[in-house]
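Below: the structure, in structure tokens.
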Amino acid sequence: MAEPSLVSGGEEPEERVIEAALRPKNLHDFVGQHRVRKQLALVLEASKMRGRSADHVLMSGPPGLGKTTLAMIIAAEMNAPLRISSGPAIQHAGDLAAILSSLSEGEVLFLDEIHRMSRPAEEMLYMAMEDFRVDIVVGKGAGATAIPLELPPFTLVGATTRAGLLPGPLRDRFGFTGHLEFYSVAELELVLRRSAGLLDLKVNSAGFTEIAGRSRGTPRIANRLLRRVRDWALVHGIEQIDARSASAALDMYEVDERGLDRLDRSVLEALITKFNGGPVGLSTLAIAVGEEPETVETVAEPFLVREGLLGRTPRGRIAMASAWTHLGYAVPAGVFGQETLALYGEDENHAESVDTVG
């Protein structure tokens with residue numbers, strides 16, 4: 001079973017109170033995502049000028065980039081109450097009807113992981129978003145009747161890490177869609193500077209750069225690493241965090257200079273030392289590192305692929321040339337590079353089921 005990871009983009013339950021204190025409260029304080037911020041500001045300002053609820057908003061992108069924060073900012077900018085729920089919590093149309101029927105005029109409803117809602121609830125949401133009305137079915141079989149229920153105008157903010165799983169009719173009902181992208185190191189430094197100020201931490205520029213460089217382009221991870229470095233500095237009696245102390249702290253937590261953790265390095269190490277760089281099937285690779293295939297596929301692989309360290313081909317997973325270099329191995333002649341992916345033809349769906357060692 002995978003250990004909790006410092007570099008997971010997901011939010012841990014114990015982090016929620018701290019994260020809430022560090023969240024920006026308005027678009028001006030929100031760092032990064034310049035394109036989405038600019039577009040969203042225009043949508044909200046126009047809505048306020050018209051005196052109407054804002055259009056429904058869909059935020060997509062990997063975990064930890066600010067989708068929940070933006071939902072809270074939308075409610076604050078519109079001076080409206082915020083109702084928070086999630087797709088997994090809405091498994092029946094009745095669950096959604098109960099939420100919708102209790103909304104007040106202008107209220108913002110935030111549905112996290114909206115792609116995980118049940119199909120009956122999705123179909124009810126279509127009418128609610130478009131006509132601000134739902135039909136409540138009373139009775140069963142031939143005697144069932146639909147009672148229309150009028151809803152006050154509201155703004156739905158949906159968040160998803162897998163926009164491709166949303167049905168087209170649902171996507172089309174959002175007036176604004178914003179895709180959040182990973183942050184640059186410079187943007188993460190700004191996030192860390194703001195958080196350090198709120199936490200009353202003394203960190204120099206080199207310290208911010210060191211932490212930002214290991215944060216996988218994700219503000220949530222950056223803030224998490226900052227708190228771990230703070231703990232390390234407190235125990236070691238260090239008043240100002242610099243690059244050396246930040247590096248020592250994160251090395252202790254096994255987060256390396258590129259943001260790889262123990263599981264990431266184990267996957268690459270197994271590919272190189274046990275399978276000569278691959279290709280190897282997912283199930284075999286998971287056995288080699290002592291984890292479940294789903295853990296390797298969903299926790300480790302996305303970042304490794306994005307960093308160009310691991311490739312997925314129809315024949316299985318391969319270690320790219322940069323993976324050999326990163327782990328300190330000499331790159332053998334003819335080892336896999338980007339041209340090899342082109343030769344094999346990347347096929348993620350097939351690669352997920354293939355279990356070939358050679």
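Please read every residue number as a count from 1 along the shown chain.
From the backbone N, Cα and C atoms, a Cβ is placed for every residue, glycine too.
Annotated features in Swiss-Prot:
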- 1-183: region 'Large ATPase domain (RuvB-L)' (REGION)
- L22, R23, G64, K67, T68, T69, E130, D131, F132, R173, Y183, R220: ATP binding site (BINDING)
- T68: Mg(2+) binding site (BINDING)
- 184-254: region 'Small ATPAse domain (RuvB-S)' (REGION)
- 257-358: region 'Head domain (RuvB-H)' (REGION)
- R312, R317: DNA binding site (BINDING)
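DSSP gives G64 (ATP binding site) a coil state; it is part of no helix or strand. Counted within 10 Å of its Cβ, the other Cβ atoms near G64 (ATP binding site) come to 27, all protein chains included. Residue counts for the region 'Small ATPAse domain (RuvB-S)' (184-254) by DSSP state, with H, G and I taken as helix and E and B as strand, are 51 helix, 4 strand, 16 coil.
Taking Cβ-Cβ distances under 8 Å and a sequence gap of 6 or more within the same chain, the neighbours of E130 (ATP binding site) are R173.
Each of the binding-site residues F132, Y183 was scored by how many other Cβ atoms lie within 10 Å of its Cβ, and the smallest score goes to F132. Taking every protein chain shown into account, R312, R317 are the binding-site residues, and of these the Cβ with the most other Cβ atoms within 10 Å belongs to R317. Each of the binding-site residues L22, T68 was scored by the number of other CB atoms within 10 Å of its CB, and the largest score is that of T68.
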